[in-house]
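If you check Swiss-Prot, you get these features:
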type: DNA_BIND; residues: 13-16; note: DNA-binding region
type: DNA_BIND; residues: 63-67; note: DNA-binding region
type: DNA_BIND; residues: 83-88; note: DNA-binding region
type: DNA_BIND; residues: 215-220; note: DNA-binding region
type: DNA_BIND; residues: 227-235; note: DNA-binding region
type: BINDING; residues: Lys52, His111, 137-139, 172-178, Gln230, Thr236, Arg244; note: substrate binding site
type: COMPBIAS; residues: 747-759; note: compositional bias 'Basic and acidic residues'
type: REGION; residues: 1-411; note: region 'Not required for ligase activity'
type: REGION; residues: 9-261; note: region 'DNA repair polymerase domain (Pol)'
type: REGION; residues: 297-446; note: region '3-phosphoesterase domain (PE)'
type: REGION; residues: 740-759; note: region 'Disordered'
type: SITE; residues: His373; note: site 'Transition state stabilizer'
Amino acid sequence: MGSASEQRVTLTNADKVLYPATGTTKSDIFDYYAGVAEVMLGHIAGRPATRKRWPNGVDQPAFFEKQLALSAPPWLSRATVAHRSGTTTYPIIDSATGLAWIAQQAALEVHVPQWRFVAEPGSGELNPGPATRLVFDLDPGEGVMMAQLAEVARAVRDLLADIGLVTFPVTSGSKGLHLYTPLDEPVSSRGATVLAKRVAQRLEQAMPALVTSTMTKSLRAGKVFVDWSQNSGSKTTIAPYSLRGRTHPTVAAPRTWAELDDPALRQLSYDEVLTRIARDGDLLERLDADAPVADRLTRYRRMRDASKTPEPIPTAKPVTGDGNTFVIQEHHARRPHYDFRLERDGVLVSWAVPKNLPDNTSVNHLAIHTEDHPLEYATFEGAIPSGEYGAGKVIIWDSGTYDTEKFHDDPHTGEVIVNLHGGRISGRYALIRTNGDRWLAHRLKNQKDQKVFEFDNLAPMLATHGTVAGLKASQWAFEGKWDGYRLLVEADHGAVRLRSRSGRDVTAEYPQLRALAEDLADHHVVLDGEAVVLDSSGVPSFSQMQNRGRDTRVEFWAFDLLYLDGRALLGTRYQDRRKLLETLANATSLTVPELLPGDGAQAFACSRKHGWEGVIAKRRDSRYQPGRRCASWVKDKHWNTQEVVIGGWRAGEGGRSSGVGSLLMGIPGPGGLQFAGRVGTGLSERELANLKEMLAPLHTDESPFDVPLPARDAKGITYVKPALVAEVRYSEWTPEGRLRQSSWRGLRPDKKPSEVVRE
């Protein structure tokens, strides 16, 4: 699957009328499928899509299309199914762009089976899997009305409820009703067919005057045919939310059971369905809750079995960000090589480089473009078991950050030029695609670097989120993660200046830290550390830091030394900077917390015992890279926290009805904020009142979010300019990129919105 920038669909013949009776155009169809993508994709993702196309409109002949054409875009997911007549490659529609392609093809109808493809462990090859749901097609015989269909539907529902299954109704957009039932455990298509047939036969026995389970058309007059056969692995059903190629643009529309009690029940048109989605969301939300909507890590996951390999295999969809880390891993596989990975759009774009990157400009080295890897892989070291994909030992050879000059990794004319800043390797490199997945890696001449050490332009080095449990003390040092505000401090022979992580001069905001000037009066130093306020147990408290007064005791805990008496230390190894820092602390009253004992697991347990926020692991040979988020520093927290940008607010209810009830959260992305959900828990009345006052001058009519919000979240909101940063605690990220069970921790005036990234 290609990157978002590679997935484009151009609408042609937009004004072409496809439904003459209503004047509905191809552009209308395009807009419809874009509008239903969020709710429809879960019900078709992972399944082979058969299309029924009306390129010249519904008043002209249509045709079914199964085989994916050679002209189909390369980013479209696909898989092959063996039939009696041969093999067929089907598209798998698992993205909004895929649905846009459906509309561009004038494929008004999308038909899918009740099973999904499953990946073979190791190879990642997709093969037909078991059924994940049942479907019953209630087909009315001559003279049967919708009220009779509804009566049979309720009988099916009650029969399935007796065996613990829930049922969801869908008006088919044609004449009948479809009933869907999610299966707690997938079963073979044959097993699903047998079960569905038994249900239909039992219903026929209970309601012989109204129901038939027999396919013979001559026996259907005045009855409802409960078609159980569409559960067969070789059959398909019109997908929920699909348009129908009839005179009017009706839709296979999910309904409520209450609606089936309405004598005036009828089929719905596409514009009615869009209105309902905006109001009600997806009525089939529980049908395909585990739908495997594809993302840039789909191929990576298919090639690995989480029960057999220690490699990180995240289930959540990667979130686009602007991180710029790189890692080179020494991979002792069957064919030893190096893996070069660049963080890009929420994943690690990866190449296997047999001879590593060249160390001079006179040679080129082969690089093989491989599957995107998760960001967590940047800190992975370990042994992949024999028999698994990529079996062998993986060791981090180098890591750091990079600057981008050019980044085009499209399937045809790829070219990437980056400037690496690592511990063992640095400089400008070009990777140029030559044929397919084969690239050439070339070292370029460096442009003159005129950077000098200036405190006013200095930004703190940042850590990547990861797990420290497998890290060894021989290579890593472990510090406590303190729940305070990050500060850079310059003390110059009796004068002191403080700068926040965002670059603001905050010297006046910390009168309690003026003593640093006297403590370090004999030196000119630049320190990196944390301003903390301790609770009664001696543990840094973010809440007390937030609500501190001028008389509150604030301490500065130093953890890095960047400059000492005329010598810049940015290029010095961490373990050497640490020794200098400890020497400085021994000669002054500077507070330098001790390193945590043992390997990563022991350090993590120690920090938990003391009630600290977590652990920061730092490679002992790492250099300090200002303003960069690097894999050579890893943070691992005992609870999940996330910085967010406030993009709007919703009025409260009850006691909060006159003010802010909850805040809309976002993570900055290329097109605006990426919606991350709402937070209201943990906000005190005082904080709510202060927030309302702070947000008032930021009100705007324009949404700061990159896509329209779901209907349930967009109701009754006031948008604001994305200027305020906050921090929340949460239980997990959902597959849709939302924070689950979020609770408020406080504003982060020390952070800029542009600095916020998904942890």
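Placed from the backbone N, Cα and C atoms, the Cβ positions cover glycine too.
Neighbour counts were taken as the number of other C-beta atoms within 10 angstroms of each residue's C-beta; across the recorded positions Lys52, Lys175, Arg244, His373, the minimum falls on Lys175.
The average per-residue pLDDT of the prediction over the region 'Not required for ligase activity' (1-411) is 90, rounded to a whole number.
Its own atom aside, the Cβ of Leu177 (substrate binding site) has 25 Cβ atoms within 10 angstroms in the protein chains shown.
Counting in whole angstrom, Arg244 (substrate binding site) lies 39 from His373 (site 'Transition state stabilizer') by their C-alpha atoms. Residue counts of the compositional bias 'Basic and acidic residues' (747-759) by helix, strand and coil are 3 helix, 1 strand, 9 coil (DSSP-based). Look at Gln230 (substrate binding site): DSSP puts it in a helix. The DSSP secondary structure for Asp139 (substrate binding site) is strand.
For the DNA-binding region (13-16), the DSSP-based tally of helix, strand and coil residues reads 0 helix, 0 strand, 4 coil. For the pair Leu177 (substrate binding site) and His373 (site 'Transition state stabilizer'), the C-alpha distance works out to 43 angstrom.
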